[in-house]
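So the structure is just underneath, and the comments pick up after that.
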Amino acid sequence: MIIILLIFALFDRVVTQSCIINVTKDITGAKLLKDNSFFVDGVLFPKKHVFERNVSGEMKTYGCICDLKKCFHKCCPLNQVMYKKICTEMPGMDMIMNGDLSLNYVDSFKRSLDVNNSEFALVYGKPCSAVYLEIQKWYLQEDGNLYVEMPNLIPPWSVRGPDTYCIDTFVLENPDGTKTTRMDALACFETSQEEHYYLLTSTCMLTSCLFILATCAVYAWLPELRNLHGKVLMAYLLCLFFGFCLFSAMQILLYVDNITTNACIILTIAIYFFLLSAFFWLNVMSFDIWWTFSGKRGLSLEKLSTQGRFYAYAMYAFSIPTALTILMTALEFSGLPPHPWLPMIKQQGCFLYGTSKLIYFYGPIVVLCLANMVFFILTAVKITQIKKQTAVLKSKESSRHDQHKKDKQRLLLYIKLFAVMGINWILEVISALYPGAYGLWRVTDVYNVLIGLTIFIIFVCKRKIYYLIKKRIKERYHHNESDGDLRAFDPSRAKPWLNKKYETRGSVDTIKSTVGEEPTKNEKYKRAGTTRF
């Protein structure tokens, strides 16, 4: 019963507290009106925008001021400034009180903000207890939100509500003892979110790697799958496997805070190469299935053997990512001034981020995805034409029909794989567009697990693969059994009388092999001699 009451009390507290505590106004002691509302400093607080809270054993009343008026967050009370990270009273140095805070409208029109104007309400105090990030390039909007400039993000700004930022005057002490003031903002920075994200991402990717490795193992073990298409698939999966493993290692090192800048750059370069190579191998699959249905004419690949075609594909799938990786690395160490179009791995942390990620990673992927779609559409058109031409097949064309059927099944597998990776790419782009959407990150993490699992289901969990595995196991079992029988009945190690029996058997076989021929006199004596004990 006590537990039920506690749950009810907790639920009642959550329901009655209609806003976050750090964007409220303390209205304790204010006059209560007949309709249970409060009127404080010219603002009417209806009952639904008021709640009570126990603070150090004393019940206080708070009003959700930001639900009723436009407001912005000041780090310290009026006439106080931030000095040595502490709110300090310094009369005359509060730039907000002096009218130095400007509002920025969407049309770039600016006007000074008067704190005594009833249009806006001020809330005081640091908005959160987490780590703060000091920001210098920011703009206060007319709706009370803070737009923070982040040139390397997509879009190049981040929107902060009054509950996640505060603005105030920062007093800096110069070496000569004089003091200067500047207007800055503090934004909440939840390190726990980042750390939890690193651990979750690495766990999901490593789980996906297990399924990818299992798929590669099945294709490498079955001889029937070690054809050109199987080798291309294994090359794609291995690139994806190494990319995911290295990315997981980087996330784990970030989680334990044991990674250097040089290690970040090396891991970023390796991850970039392997993931980009994986997408190029996916492009090879799309091209190969199109080339198969196109009649295989007009291309020099027709003259190559199966092994030669695989080497040609490997040259394409690895050479372009290598060139792009070298280009990115050269620009990273070029010494050019910071620019959104440069990789700036050292400035942005591990791996690419924001505009750099869009240009160097998402850019090539978009081109490859568009090319894959073109190949799939052309292949589908060709299949439709072939289907019309072979509506009624003769018996002599049945083998050709079976081959086209297999190629169509392979096309469907590639389309499924393309869809799996395409959805992952779309989620990654959306995550880049909305870096603060932690819920979307969770969806992306779960999908990273599903990538390996889905690939395993598409390429391994099939009846044909099951029968091939069963056949392979039987062959290995019978092969081992036959080897054991041969070792057990080795005539060289048999008893003398058993050797004689084998000799006699050999003579009989010799006689049978010469039936229909008149034996010579010597052969008669030889056979007679060999049949005596």
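Glycine is no exception: its Cβ is also placed from the backbone N, Cα and C atoms.
For 1-16, the entry in TrEMBL reads signal peptide.
The list of residues near the transmembrane segment (197-221) in space but at least 6 beyond its ends in sequence, with Cβ under 8 angstroms from a Cβ of it, reads 230, 233-234, 237-238, 240-241, 244-245, 247-249, 251-252, 254-255, 438, 441-442, 445-446, 448-453, 455-456, 459-460, 465, 469, 472. The transmembrane segment annotation in TrEMBL covers 197-221 (among others).
Confidence for the domain 'G-protein coupled receptors family 2 profile 2' (197-463), expressed as mean pLDDT, is 82. Annotation comment: TrEMBL describes 197-463 as domain 'G-protein coupled receptors family 2 profile 2'.
Here TrEMBL flags 233-253 (among others) as transmembrane segment. Beyond the ends of the transmembrane segment (233-253), by six or more residues, the same chain brings 198-199, 201-203, 205-206, 208-209, 212-213, 215-216, 219-220, 259, 263-264, 267-268, 270-271, 274-275, 277-278, 281-282, 284-285, 314, 317, 350-351, 448, 451-452, 455, 459 to within a C-beta distance below 8 angstroms of the stretch.
The transmembrane segment annotation in TrEMBL covers 265-290 (among others).
The transmembrane segment feature in TrEMBL is assigned to 310-331 (among others). Beyond the transmembrane segment (310-331), the same-chain residues lying 6 or more positions past its ends with a Cβ under 8 Å from any Cβ of the stretch are 228, 231-232, 235, 269, 272-273, 276-277, 280-281, 283-284, 288, 301, 304, 342-343, 360, 364.
Here TrEMBL flags 359-381 (among others) as transmembrane segment.
Positions annotated as transmembrane segment by TrEMBL: 411-434 (among others).
What TrEMBL records for 446-466 (among others) is transmembrane segment.
What TrEMBL records for 513-533 is region 'Disordered'.
Beyond its flanks by at least six residues, the transmembrane segment (265-290) meets 228-229, 232-233, 235-236, 239-240, 242-243, 246-247, 249-250, 313, 316-318, 320-322, 324-325, 328-329, 332, 345-346, 350-352, 360-361, 364-365, 368, 371-372, 375-376, 378-379, 382, 407, 410-411, 414, 417-418, 421 of its own chain at Cβ-Cβ distances under 8 Å.
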